[in-house]
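The next block holds one structure in the form of structure tokens; read it before the comments.
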Number of protein chains: 2
Amino acid sequence: MPFEEKFHLRIPGPTPVPPRVQHAMNRPMIGHRSAECSRLVRQCSQRLQPVFGTRENVLIITGSGTSALEAAVSNTVAPGEEVVVAVTGAFGDRFAKIAGRFGAQVHRLDIPWGEACSPDALKSFLASRPRVKAVFLTHCETSTGVLNPVQDLATIIKEHTDALVIVDGVSSVGGVACEMDAWGIDIFVTGSQKALMLPPGLAFVAVSPRAWGVIRQTEGPRFYLDLQTYHEDLERETTPFTPGIAHLFGLEAVLDMIEEEGLENIFARHRLMMEMTRAGVRALGLPLLTEDAVASPTVTAVRGTENIDASALQKELRRIGAVVASGQQHLKGKIFRIGHMGYCDPLDVLTLLSALETALHRLGGTVRWGAAVGAAEEVWNRV
Amino acid sequence: MPFEEKFHLRIPGPTPVPPRVQHAMNRPMIGHRSAECSRLVRQCSQRLQPVFGTRENVLIITGSGTSALEAAVSNTVAPGEEVVVAVTGAFGDRFAKIAGRFGAQVHRLDIPWGEACSPDALKSFLASRPRVKAVFLTHCETSTGVLNPVQDLATIIKEHTDALVIVDGVSSVGGVACEMDAWGIDIFVTGSQKALMLPPGLAFVAVSPRAWGVIRQTEGPRFYLDLQTYHEDLERETTPFTPGIAHLFGLEAVLDMIEEEGLENIFARHRLMMEMTRAGVRALGLPLLTEDAVASPTVTAVRGTENIDASALQKELRRIGAVVASGQQHLKGKIFRIGHMGYCDPLDVLTLLSALETALHRLGGTVRWGAAVGAAEEVWNRV
């Protein structure tokens, strides 16, 4: 390719940062205890509420998404307490590992990767575990492209236990309809570098009143990720530790963009990009990892074929200038993953599909030129 | 003032971000598992070594500086174990609080704020506490502008105990000579937003072989801040969790700037700015919080007078367009703090001193015009 540094970043996070957001991040630095920083913290937290579907404060942590996952565990679960983790992929697995590290008695409900956790499966699993303190769910499982039916799962949990419902929304919040309060989610976390279009470096945690009750009763060694400290400081319009201020500058621009496009339009755009991607991949005869009914609007996993493996496709795409992600853990080499979230539009999807046609051809596949692009265009333009 | 958003940020962190660094941070986003990100992680870690004065790996954590302080505690100290914390201000106090939160039996050596911890004081304190597992020191105590004599303190610790020497270098590393290996520091941590001229959001931890031995033996609930994971992943040129990639882009530019200026020149510039600041403040008859012998090259704390209090001066400076920091905890209202580190040069110091002359005059003080600026110029131009 002529330009080494020119590429299309289509991994499921980090995602491209809009120029307008980069520009905002270049504002001259300010003090973290200034009135301007207080305004930023207050307004960013408030304006994130509709994105989470909550009227609760959205706490802002400086860290990777995993820092928020850990906060959700360490603030709610004491050693020896029982938790259930629905593991549908690498990030459910991470929740289980963190809970184990913090001494919880972890009951893993392992679902084959590529499938969603069904309400029935969870219901049966919870039947013999009534004393569980928290159930951990993954909304979009980034490692497989599955969107778990969090609303229905939360209903099951509330009906059969007193457990907190704790949800990883890292690759869903901002790209998929999220109704934390209406669905009965108690703790909902996300990161900055997915549908929220920022560089990695901030994490967000929203907490229900019921969860605060549990958190106040849960002793444990925590300081940097002590959610009560963030909550108390947010009431005073500040953060306990110096926050990622450049990211806050950028977040303000992101929230402007979200409000201008409108959440419903954003969610429709993500569903459209998912459908275009799936139609295009199918038109090339490549198998999708997930069923349509549980497919995530933000990320699509594609399997290799008997003759052409997923890693080879990923590498060939990289040569052409399109960057997709590999599979994780036991899916490594078996799938590649296309991110279509955040600062991504239908034309970006067509570009990726066009590159996929060429990559497949160069690896010896039979390709009718324009097949993937055409199928996606048809989806885009159907009435 | 004509321009609301035009101000001179002279707080002891966050500090101004150089335009060149901002520009670097605007590079198009990349994947965190890409070859380019591996190169960034590897080279940033290696190029930070001379800044820390170490041949050990410098681990890169995405978080505020406090995340690195917590990592230094939680990876080395198990509940019930004894530690000593030399508390010379708010950040020594933070180390003690974190250690307490993680169940350590904390022996606080409290030094009056504004003074340094002397080797003799530490020696006496350690005499009755031979079984201590770690001693926590603050290199530059940002809340008072004291530079503790870490080299001498480390020598005392090694002579009288087997304790690890753990040092907060948040507002020293990059502005003050640091010789981690030669001084016998076991864990040395810093943050991105002080002398390293980046926005807040990254933290750095360097660990001695002796400390790794202790860390491997120290059980405890940790995941996001588990230093062994960072170490193992750095050996593979990556990070365990998605790092603050825009900050890594910026860090590369920062390291270019550091290498171009040269560490010795950087340290000399910081000492010069300290001496200019102190000469200027003295010329106005304002008392300094610290003695010359223990003054930090990166931050200077100034007391108010009987008639004009420190908060009033801080507010008046803000009106003029110069932003300084208030005192913390019991020094709130009694001092203001001038940061002179990172992207700051002698002309910036003169600007601040000029603003201070005007502020003092507007609050009814007797000011000989040019007194502070003149005194600082004399320091700048002496042979």
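Cβ atoms here come from the backbone N, Cα and C positions, even for glycine.
All annotation found in TrEMBL is predicted automatically rather than curated by experts.
As annotated by TrEMBL, substrate binding site applies to B:ARG337. According to its DSSP assignment, B:ARG337 (substrate binding site) is in a strand. Just so you know, the Cβ of B:ARG337 (substrate binding site) picks up 24 other Cβ atoms within 10 Å once every protein chain is counted.
Annotated domain 'Aminotransferase class V' per TrEMBL: B:29-329, in sequence order.
The feature N6-(pyridoxal phosphate)lysine is assigned by TrEMBL to B:LYS194. A simple way to gauge crowding: the CB of B:LYS194 (N6-(pyridoxal phosphate)lysine) has 29 other CB atoms within 10 angstroms, across all the protein chains here. Secondary structure at B:LYS194 (N6-(pyridoxal phosphate)lysine), taken from DSSP and collapsed to helix, strand or coil, is coil.
Rounded to the nearest whole angstrom, the C-alpha distance between B:ARG337 (substrate binding site) and B:LYS194 (N6-(pyridoxal phosphate)lysine) is 14. Across the domain 'Aminotransferase class V' (B:29-329), the prediction's mean pLDDT works out to 97.
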